[in-house]
Ligand code: NIG
Ligand code: FE
């Protein structure tokens, strides 16, 4: 027995994501899991469970890896509830409201921004999210992008520089100058706090040439590539991401056959964000087309005050199953192992020896209940780094 060890015992259904025996979820029944030093040390049949200092009786419930939310915009001020109400009354989402949030974010104090990130991070943890990526993108000047990332880095290692979210109002008539700012002083100030670089590649935001230039600068500064692509209409984003070896292209709502083919032959994950389609009343991405082509799919919340103000991965799983024809197993995999792949992480998104002991004990006997019982708080307990939260 190791001091400080913790046994999670009497697990009715353990989702390991070990991919063995042709079952991507790697489900084990009547299982137990041993935590040592914040990591999974052992999993196996409950009847062979080793002794441990402490024990949690899961009471026959399902245990899953903590959710990996690989796409979130948490550093912002204010909200855009009125914009949401206008959309529900028939208006279209264009991304134009981003500038409203930029104004509010620039005017906010560090402590206000930190408090918002902390509140949303806590909300996520209560809903089973143990890893989150956090983007900048509502500062859009050197000082406010750098401080957004500095604050984001207090909460996660997966921070993303999104200075190229939209062209801010003061550069509206000289977008080339803004791209120069992003690639020059803004990147220099942001890079020490960022792991990734992202661009909103879309009509009305950044075109393929601008996106390519910005992503290349980010790569040269040592950042990994991800991007917002094909959200509001067809476009070059997905293929550009694949060409640059992006870890993930996100949204993927409007895809041509060539986009799907490019993804299928690549290491780039397609991250689907159904909260955005829900909240903008838009058609959902065609998850089946991607899965059937062999593309790796992740699910994430896109949590932001404009297009998707949800922090709930269970909600996204339920939407993916009901609205996007993913099976519950595919959706749970995409929300855990898929998110880890989108962040190129091997330490999370699975419950196998050596993984971080990030796990969820459900108030239900099976992962199926996440989609079967939508809107119900099924997260009974969360362990983060092996610590009950
Ligand atoms: O992922 N598409 C660009 N960015 C966000 C929306 C940001 C906003 O509306 O404030 C998104 O949907
Ligand atoms: Fe986004």
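The backbone N, Cα and C atoms fix where each Cβ goes, glycine too.
It should be emphasised that the depicted structure is a prediction, and the values quoted were computed from it without experimental measurement.
Listed in TrEMBL for this protein:
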type: BINDING; residues: 71, 73, 228, 302; note: Zn(2+) binding site
type: BINDING; residues: 71, 73, 228, 302; note: Fe(3+) binding site
type: BINDING; residues: 80, 138, 165, 231, 307; note: 4-imidazolone-5-propanoate binding site
type: BINDING; residues: 138, 304, 306; note: N-formimidoyl-L-glutamate binding site
type: DOMAIN; residues: 249-364; note: domain 'Amidohydrolase-related'
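Projection of TrEMBL feature records onto the structure.
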residue	record	Cβ neighbours (10 Å)
71	Zn(2+) binding site	32
73	Zn(2+) binding site	28
80	4-imidazolone-5-propanoate binding site	20
138	4-imidazolone-5-propanoate binding site	31
228	Zn(2+) binding site	30
231	4-imidazolone-5-propanoate binding site	26
302	Zn(2+) binding site	28
304	N-formimidoyl-L-glutamate binding site	28
306	N-formimidoyl-L-glutamate binding site	24
307	4-imidazolone-5-propanoate binding site	27
Candidates 71, 73, 165, 228, 231 (binding-site residues); nearest Cα to residue 304 (N-formimidoyl-L-glutamate binding site) turns out to be 73
CA pair residue 302 (Zn(2+) binding site) / residue 138 (4-imidazolone-5-propanoate binding site), Å rounded to integer, equals 14
Those binding-site residues from 71, 73, 228, 306 that fall inside 10 A of residue 165 (4-imidazolone-5-propanoate binding site) by CA distance are 228
Candidates 138, 302, 307 (binding-site residues) with CB under 6 Å from ligand 2, in sequence order, are 302
For ligand 1, the binding-site residues of 71, 80, 138 whose CB is under 6 Å from one of its atoms are none
Same-chain, non-site residues whose Cβ lies within 8 A of the 138, 304, 306 Cβ center for N-formimidoyl-L-glutamate are 73, 76, 80, 97, 98, 101, 137, 305, 307
One finds that other Cβ atoms within 10 Å of the Cβ of residue 165 (4-imidazolone-5-propanoate binding site) number exactly 27
Restricted to the domain 'Amidohydrolase-related' (249-364), the mean pLDDT of the model is 98
Between the C-alpha atoms of residue 71 (Zn(2+) binding site) and residue 307 (4-imidazolone-5-propanoate binding site), the distance in angstrom, to the nearest integer, is 13
For residue 80 (4-imidazolone-5-propanoate binding site), the closest of the binding-site residues by C-alpha position, picking from 73, 228, 306, is 306
Reading the DSSP string in three states, the entry for residue 306 (N-formimidoyl-L-glutamate binding site) is coil
Whole-number Å distance separating the Cα atoms of residue 231 (4-imidazolone-5-propanoate binding site) and residue 306 (N-formimidoyl-L-glutamate binding site) is 14
